[in-house]
Amino acid sequence: MAAGSCLLLLLLPSLVAASHSPPGCKIRITSKGLDLVKQEGLRFVEQELQNITVSDLHGNEGQFQYNISQVKVTDLQLAFSDLNFQPQQHLVFNVNNASISLRFRRQLLYWFFYDIGSINASADGVHIHTVLQLAKDEAGRLKISNMTCDASIAKMHAGFSGTLRKVYEFLSTFIVTGMRFLLSQQICPSLEHASLVLLNSLLDTVPVRNYVDEHIGIDYSLLRDPSVSTDTLDLDFKGMFFPRVREDQELENHAVEPVIKETERMVYVAFSEYFFDSAMHSYFQAGVLSIELQGEKVPKDLEVLLRATFFGTIFMLSPSVDAPLRLVLQVSAPPRCTIKPSGTSVSVSAFLNISLVPPDRPPVQLSSMAMETKLSAKVFLQGKALRVQLDLRRYGRGPTGARGESPPHPTHDCFLLSRFRIYSKQSALESLALFSLQAPLKTLLQLTIMPIINERTKKGVQIPLPEGMDFTREVVTNHAGFLTVGADLHFSKGLREVIEKYRPVPTAAAYSSSRPAEPSLDPSSL
C-alpha cells in the first residue's frame with residue numbers, strides 16, 4: 001500500500017504536466033475588444049429579430065371569427081444592451097426595455113360582414129437575457145456549445161382602422177395577448193439559431209489545422225476550454241508547425257508559457273519560442289534548409305577569393321583549374337529561437353561544402369567547413385499574417401531605428417549583434433587559413449542567401465482570427481521566452497456578410513416547410 005502511494009506521488013507531477021500542456025500561441029480578448037464585438041453583434045441581432053416568423057393567430061368569440069397573419073417586424077429599438085464576460089466560460093448578452101414594431105394582416109367575419117386590412121402594433125418593455133457557453137469541440141475549434149435564453153414582453157399595443165374598428169378594439173384583449181405570447185415565444189429560438197448555427201459557422205472560418213506552404217502546416221487547435229474572467233477571455237492554442245511529409249509528428253513543448261498581463265488594447269497574441277522552433281524544426285525535417293550556388297550564381301568577388309585561398313589544391317587538379325565552383329550550404333541541425341527583452345535571435349549551425357565541378361567528371365571537394373551564426377529576427381504583422389525577417393546585421397533600439405536601419409513595419413526593434421564564424425571540420429590549421437573568408441562569406445550570406453530565405457517566409461502564417469476581423473495599430477513587445485503582439489481590431493466585413501458567404505444552401509423541401517403559409521382570402525376558410 002505504501003509502495004503504491006509513493007509511486008502515485010512520483011507520477012503526479014508528470015500527470016499534472018500532461019493535463020496542462022503549455023501553449024505555443026495564446027490570444028487574449030479584453031473588454032475593449034468585446035465592446036467592438038458588441039457593436040457588430042448588435043447589428044446582427046437586430047437583423048435576426050427582424051426575420052422572426054410568427055404563426056398565424058385565429059379564433060372566435062361568439063359570432064366573431066378572426067385571423068391574424070403575415071406578421072412582420074418593421075422596426076427594432078435595442079438601445080439598452082450589453083455584452084459581458086462571465087467566469088468561467090460564458091458570455092452574457094442582455095437587452096433591456098427594447099421595443100419591437102409589428103405590422104400584420106387582419107381578417108374578420110361577423111355574421112355576413114367580412115373585413116380585411118392591416119394592424120400596426122408595438123411591443124414595449126422587451127427584455128432578453130442570453131448566456132452563451134464557450135468550449136472547444138473535438139477538432140480543437142472554439143464553439144458556442146450551449147445557450148440559455150429568457151425573453152419577456154411587458155406590454156403590447158395595437159392600432160386598428162377600417163369599418164369594424166370598434167369590433168377590433170373590443171377583441172383587442174384576445175388579439176394582443178395572443179400576439180404578445182407568440183412573439184415572446186419566437187425571440188429565443190431565433191437567437192438560439194443565430195448563436196448555435198450562424199455564429200458557429202463564423203467560428204468555422206478560424207484556421208485550426210491548415211497548410212502554410214508546400215512544405216509545412218500549422219496546428220492552431222485549442223488545448224483546453226477558454227478561460228473567462230470578468231475582463232478578459234484567454235485562448236490557449238497548440239501553436240505547433242508540422243512537416244507535410246510527416247503530419248502526425250509531434251514536437252514536445254519545453255518552452256516558457258506565455259503570460260499576458262496587459263489589458264489596454266483590444267487583443268493580445270503571444271508566441272513562445274516553441275512556436276518558432278517548431279516552424280524551423282518542420283522546415284528542417286522537410287529537407288528544405290539547403291541552398292546550392294554554382295557557376296555564375298557564385299558572386300564574382302567571392303569566386304576570385306576562393307580560388308586564391310585554395311590555389312594550391314586547385315593547381316594540383318590540372319586540367320580542372322577552370323572548372324566552375326559549387327557552394328552547398330546545408331543546415332546541420334534544426335535552428336533554435338531565443339527571445340529576450342532585448343530582441344529575438346535565431347541560432348543556426350550549417351555545413352558549407354566548396355567544390356569544383358569539372359564537366360563530365362565527378363565533383364572535387366576543396367573544403368568542408370562548419371558555420372555557426374546567430375541571426376537577428378524581426379517579428380511583425382502584415383494584415384493577419386505573422387512574419388519574420390532574418391538578418392545578419394544589427395538594429396538599434398527604438399521605434400524609429402535610432403541606431404542601425406529602421407524596420408519596415410511596427411515591431412519591437414532590437415540592439416542585437418549577429419554572430420558569425422566558420423571553421424574547418426578537418427584541421428585547426430585549415431581553420432586559420434579560412435579566417436580571411438569569414439567577412440566575404442558573411443557578406444555572401446547577407447546579400448545572396450538571406451534574401452532567398454526571407455522570400456520563402458514572405459507569406460508568413462495567419463493568426464487564428466475569424467474572417468472579416470483584422471488587426472490595427474499593432475505593437476510587438478519582447479519578453480523572456482516569448483513575445484506579444486498588442487493590437488486593436490476592426491471589422492473589414494460585417495458578421496452577416498461572412499455568415500451568408502458560408503451559409504449552407506437550403507434544400508427545396510426545407511425552404512417550402514420553413515416558409516409561412518399564405519393566408520386565405522376566402523371568408524369560408526375562417
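Think of each number as a place in line: the chain as shown, counted from 1.
Note: Cβ is positioned from N, Cα and C throughout, glycine not excepted.
For C149, the disulfide partner recorded in TrEMBL among C25, C188 is C188. Sequence-distant contacts of C149 (disulfide bond), defined by Cβ-Cβ distance under 8 angstroms and a gap of at least six in the same chain, are I128, H129, T130, V131, I187, C188, L191, E192. Note on the domain 'Lipid-binding serum glycoprotein C-terminal' (261-487): mean pLDDT across this stretch is 79. All protein chains included, C188 (disulfide bond) registers 17 other Cβ atoms within 10 Å of its own Cβ.
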